[in-house]
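Visitor: Below: one structure in structure tokens.
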Amino acid sequence: MANLLKTVVTGCSCPLLSNLGSCKGLRVKKDFLRTFYTHQELWCKAPVKPGIPYKQLTVGVPKEIFQNEKRVALSPAGVQNLVKQGFNVVVESGAGEASKFSDDHYRVAGAQIQGAKEVLASDLVVKVRAPMVNPTLGVHEADLLKTSGTLISFIYPAQNPELLNKLSQRKTTVLAMDQVPRVTIAQGYDALSSMANIAGYKAVVLAANHFGRFFTGQITAAGKVPPAKILIVGGGVAGLASAGAAKSMGAIVRGFDTRAAALEQFKSLGAEPLEVDLKESGEGQGGYAKEMSKEFIEAEMKLFAQQCKEVDILISTALIPGKKAPVLFNKEMIESMKEGSVVVDLAAEAGGNFETTKPGELYIHKGITHIGYTDLPSRMATQASTLYSNNITKLLKAISPDKDNFYFDVKDDFDFGTMGHVIRGTVVMKDGKVIFPAPTPKNIPQGAPVKQKTVAELEAEKAATITPFRKTMSTASAYTAGLTGILGLGIAAPNLAFSQMVTTFGLAGIVGYHTVWGVTPALHSPLMSVTNAISGLTAVGGLALMGGHLYPSTTSQGLAALAAFISSVNIAGGFLVTQRMLDMFKRPTDPPEYNYLYLLPAGTFVGGYLAALYSGYNIEQIMYLGSGLCCVGALAGLSTQGTARLGNALGMIGVAGGLAATLGVLKPGPELLAQMSGAMALGGTIGLTIAKRIQISDLPQLVAAFHSLVGLAAVLTCIAEYIIEYPHFATDAAANLTKIVAYLGTYIGGVTFSGSLIAYGKLQGLLKSAPLLLPGRHLLNAGLLAASVGGIIPFMVDPSFTTGITCLGSVSALSAVMGVTLTAAIGGADMPVVITVLNSYSGWALCAEGFLLNNNLLTIVGALIGSSGAILSYIMCVAMNRSLANVILGGYGTTSTAGGKPMEISGTHTEINLDNAIDMIREANSIIITPGYGLCAAKAQYPIADLVKMLTEQGKKVRFGIHPVAGRMPGQLNVLLAEAGVPYDIVLEMDEINHDFPDTDLVLVIGANDTVNSAAQEDPNSIIAGMPVLEVWKSKQVIVMKRSLGVGYAAVDNPIFYKPNTAMLLGDAKKTCDALQAKVRESYQK
């Protein structure tokens, strides 16, 4: 029994029981029970993690001893990453000298410098070349490895069975960098591709060095120089790198490959893809082309023979895994080339693609320079070592993602393209046992993968299905419906005044439509602010209905006074905020301004009217026309930076003239005038105070709050007008029209009022920005709409005052509730559309007042504002590829979303620190910054502006790319950057800058996610499919500054985080921007 108990307890994973086997039976029971009752938490202890803690492991970086090998396995930056992960790192003295990395660099990075024997005895050894005999020590490097240690290096196991035998004797675990599977998830640690990229670039540089002419064509005074013609055979990594380098140097580049996808890549780089007449796919496994048929090879040879007579430089990269390189160019072809031509054989190490190649040598054969070097990556040792180091550090992090322990599991059962595939393919020996080659993975794609159609291609196919007849019929039907509606309005018109008002409304809408389209996107925020101020003309309605003496004497007069007071807040506050924003766009180099001179036309307009009124002239309609034209001019003035301040001045003149004309029509007595003046003065003072104190970053919520005032003023005016006009309904032929307009204006005003308050609460942080998705909200909204529409029936049928005022009160409440339910269901990121829609609503509410009071000015201005908001809403929706109904009803997905399973994102991301980011910024000549709402939230515009100023002074080309919906209202980011002093001429819109990304060295993405998400173009099943985005991933390097890798508002993973040219700089945007600014300043001062 004791032996049985000993067996049980020693086999138990709980440390509590591991030492009980030697105890006597009774004592065992007593201690067991006591321990159980006093240390119960140990029974719930988590299982011990597998592997060895990083801090107990040492990574060794020996010096490469292969002849002419200048690379080193780890750069100082790589050492720093491993030390940060927890490893101890030792580097052989002088290991990085040939790569321009001194021992001091490694010490600063956290490594210790030791001798060759000590380094090779490390737990984990990383090398470039496979272990070989060390001539200095007189011993094979494999014999110096630690027993049961780990080696990471290029191994080529199929060609080196003797080396595997030596490593097996040391019970070594070997990861062969040359065996990393060429699958998407492994791109970051594909060392063969990294080295091939360098070889391809170096091949062009060497060819240019030995070629006797310019690559680019030139016309000089001495004569014309034709461009060099280059043929590149093989569209793999090396071939494409060669094509890119040669094209950038101005040569005419031609590319050949047996794979259609590779030819497409040649074409995308600007090279001319060459094909043979015979159609045969060359798609093979592992990223290589397959061997072709005899007929295809004969056609290929014919093409090559023809090209040899035309081109100046030949670069060939064709390899077949595990076999001798195919001879593609025989001696006769080479000798047919022009004297002075150059051939570069990147397959020389495997025998070469040219019959005349001498591996490892440079020589001239009958005037043709042959470059057959087999160590091209080593000839760019610094760059090659850096990339190889990145490959190794990423591989280690990927195979052992645990934060504390180093551990990876090698399994023979794995799926294609997974991390298990990468580990099993890379590990060629486990604890001394050779496990190469890896077994075949499961779920291998059969043949060439079918290329998924892009969103643009699907949209083009969809457009092609619409026949010209159907398209024309759709247009004709729309015009037919519109003209029929106009005829219906004419028939239903109760009098001539209504027809004239409809005419005014229609013409004003057309003028507003064309005027607003001319406004530059950078000025959309000032546009909304000035329309907010102009919408304060609801004060006209309030003034027209005010009465009494020093105080209102009836309910309707009180409502009117309140409407005038509220509207005055909008007028004064709106114009002041607009002026503040426009002042921020001023540049130090701009000429002086004399805006006070606009007092001259203002004084002439208002003073002239007062003089005419005193002389007995009734020119109020002309005043309304002039005021309306000034309001049109206000919107038109905002089309450019140069006329924006004139636009704001015209808006003030228009509103002042309209108010003056209204007072002239009313001719109030002294006491009533005092009441009007007091209400407007108080409201204006409050508006000026708010506008003066508001921070520009809080502009969206201010606009939303001002919208609510317009909506409330419209409701009050409509109800007051009903109360005042009710006694005349029995004798007024237009009574029904007045009632309909009053009801409609009350409904629109109620929705605008409550919806704006909810938008304000979300933007101000008083309410959660996340959408409030009430159960059955669509049915609820439909019920509220039906009740609101149904309320007009008793309102129109029953002539009693009680029924009428009850219906107006009910629709006010119903519309207010509907405004809450609609806006609450919309998330914070959709606020740009919400604000523009509310802006449009306020315009239509103003139009309703114009019809109600038969006032041309209100109708004109309302149509301008309504069309302005509608156009901005349309622009925002187009920028998200969503319908307005989708946004307003709290929906998700774009109009292009296919609805299938979204694309799976694979791969690993690359994280960098501030020093790495500074190095990338320092090396870049052209930089684009793409800010998002994260910049607004963090208020990081000031350090970014200072950073841009310093970089510009260093001669770098720095610009901003702004997405239309990057912020919480249109143009918000433009205003924030202007506030920080960024010149507006370097702040470009998405459509203006998207075509520049491919030529940009570096993009800084600050606090943006969905607006730079490549899934919008790459994944037809994404919910943001078809959404126009900033194409930052097309640039050479991208740094994404975010708090985490989390999703954006659309809850869609962003593939750019995992692209090979993207680096993640994680952290708080404000702190990161401050740190970047400080680091650049420090570097700048040096």
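A Cβ is built for glycine as well, from the same backbone N, Cα and C atoms used for every other residue.
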Visitor: Which residue among LYS70, LYS394, LYS1036, LYS1071 does Swiss-Prot mark as N6-acetyllysine?
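Guide: Looking at Swiss-Prot, the N6-acetyllysine feature maps to LYS70.
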Visitor: Among the residues LYS397, LYS430, LYS462, which does Swiss-Prot list with the feature N6-acetyllysine?
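Guide: In Swiss-Prot, LYS397 carries the N6-acetyllysine label; others show none in the record.
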Visitor: Of 114-132, 304-322, 475-493, 1045-1063, which span is tagged transmembrane segment by Swiss-Prot?
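Guide: That would be 475-493, per the transmembrane segment entry in Swiss-Prot.
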Visitor: Within the same chain, where does the transmembrane segment (702-722) have neighbours whose Cβ lies under 8 angstroms from its own Cβ atoms, ignoring anything closer than 6 residues to its ends? I mean 6 or more beyond.
Guide: 528-529, 532, 535-536, 538-539, 541-542, 545, 556-557, 559-560, 562-563, 566-567, 569-570, 573-574, 577, 690-691, 694, 738-739, 741-743, 745-746, 748-757, 759-760, 763, 804-805, 808-809, 812, 835, 838-839, 841-842, 845-846, 848-849, 852-853, 969
Visitor: For the topological domain 'Mitochondrial matrix' (579-595), what are the DSSP-based totals of helix, strand and coil residues?
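Guide: Helix/strand/coil tally for the topological domain 'Mitochondrial matrix' (579-595): 7 helix, 0 strand, 10 coil.
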Visitor: Taking the Cβ of each of the binding-site residues and counting other Cβ atoms inside 10 Å, which one has the highest number: ASP257, GLU300?
Guide: ASP257
Visitor: Suppose we draw a 10 Å sphere around the Cβ of ARG259 (NAD(+) binding site). How many other Cβ atoms does it contain, all chains included?
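Guide: I get 20 for this one.
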Visitor: Sort the recorded positions LYS117, ARG182, THR184, LYS294 by C-alpha distance from LYS1079 (N6-succinyllysine) and give me just the closest.
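Guide: Minimum Cα distance from LYS1079 (N6-succinyllysine) across LYS117, ARG182, THR184, LYS294 lands on THR184.
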Visitor: Check the transmembrane segment (778-797) against each of 501-521, 527-546, 558-578, 596-616, 740-760 and return whichever range has the most CB pairs under 8 Å.
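Guide: Looking only at 501-521, 527-546, 558-578, 596-616, 740-760, the most contacts with the transmembrane segment (778-797) come from 740-760.
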Visitor: Within 10 Å of each Cβ, count the other Cβ atoms, then let me know which of the modified residues LYS294, LYS397, LYS1079 comes out lowest.
Guide: LYS294
Visitor: Answer with yes or no whether the transmembrane segment (596-616) touches the transmembrane segment (527-546) by the criterion of at least three Cβ pairs under 8 A, sequence separation 6 or more.
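Guide: Between the transmembrane segment (596-616) and the transmembrane segment (527-546), which are separate recorded stretches, there is no contact, as judged by 3 or more close Cβ pairs.
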Visitor: Could you give the number of helix, strand and coil residues in the topological domain 'Cytoplasmic' (723-739) as assigned by DSSP?
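Guide: Tallied per class, the topological domain 'Cytoplasmic' (723-739) gives 11 helix, 0 strand, 6 coil.
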Visitor: Just to verify a number: CA distance, GLU300 (NAD(+) binding site) to LYS294 (N6-succinyllysine), in angstrom, no decimals.
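Guide: One finds 10 Å between the Cα atoms of these residues.
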Visitor: Write down the Cα-Cα distance for ASP257 (NAD(+) binding site) and LYS294 (N6-succinyllysine), rounded and given in Å.
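Guide: That separation, Cα to Cα, works out to 16 Å.
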